[in-house]
Amino acid sequence: MRIDILTIFPKMFDPVLNESIIKRAQAKGKVKIYVHDSRDYTLDKHRKVDDRPFGGGSGMVMRPEPIFNCVEAIRRKAKKAKIILLTPQGKTLNQNTAKKLSRLSHLILICGHYEGIDERVRIKLADKEISIGDYVLTGGELPAMVLIDAIVRLIPGVLGDKNSLNFESFEGNLLEYPHYTRPANFRKMDVPEILLSGDHNKIEAWRRMQALKRTKARRPDLLKQ
Ligand code: ADE
């Protein structure tokens, strides 16, 4: 998979892309990630990425020109990209969407900013608009990182243990069962005995029951789906 990111804050991505599983996925050749500074695609001498809104009002609007220029430059080399705009107005991200996107070969992520982005970017370029939740952040950079993390870990071969994907939260619309590790007794708190029994059928049944109970208590909406 290839991911291109358009942003006015490219440095924000360094720590996230150069650590942990996302770093390893790139080293293994599972994903190639390119960060583009929108300012490099401006044509004026002040390298302006925003301007005042037509019709007046407070705040600034991101100019369409650098975004169109950058997308066109990427598309000249790679034609099949799906373009995603990160915006609080988009469809809320969930595991199902992450899974679908993880099967695509090329994504271009556009990070919005300021009061908004020129509507022509949305109309003409965006194939999909994604929000990471019903709250407003200062820009689309953190949402883009969240989306990349959610997608990259689903690319086959990125996570070592295939089973860890099968039993995690939201798989089959259930939250995850509780986990324990050594020691079996910690500050007078015991690990549930069944987990020490070695009976794998019973353990699996216990875990499924715990996952169901937890989902019913915390996220009954998931069970209805
Ligand atoms: N930009 C600002 N807030 C956002 C959100 N919640 N999701 C996606 N992009 C955003």
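Just so you know, glycine gets a Cβ as well, placed from its N, Cα and C.
Note that TrEMBL annotation is computational and uncurated.
What you are looking at is a predicted structure, and each value in this text was computed from that prediction instead of being measured.
Going by TrEMBL, these are the annotated features:
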type	residues	note
DOMAIN	1-225	domain 'tRNA methyltransferase TRMD/TRM10-type'
BINDING	Gly112, Ile132, Gly133, Asp134, Tyr135, Val136, Leu137	S-adenosyl-L-methionine binding site
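For the binding-site residues Ile132, Val136, Leu137, the largest tally of other C-beta atoms within 10 A is found at Ile132. Close to ligand 1, meaning a Cβ under 6 Å from one of its atoms, are these of the binding-site residues Gly133, Asp134, Val136, Leu137: Gly133, Val136, Leu137. In the predicted model, the domain 'tRNA methyltransferase TRMD/TRM10-type' (1-225) has a mean pLDDT of 95. Considering only the binding-site residues Gly112, Gly133, the Cβ with the fewest other Cβ atoms within 10 Å is that of Gly133. If you compare every pair of Cα atoms in Gly112, Ile132, Gly133, Asp134, Tyr135, Val136, Leu137, the residues listed for S-adenosyl-L-methionine, the longest distance is 16 angstrom. Here the Cβ of Asp134 (S-adenosyl-L-methionine binding site) has 7 other Cβ atoms within 10 Å, regardless of which shown protein chain they belong to. For Tyr135 (S-adenosyl-L-methionine binding site), the number of other Cβ atoms no farther than 10 Å from its own Cβ, over all displayed protein chains, is 7.
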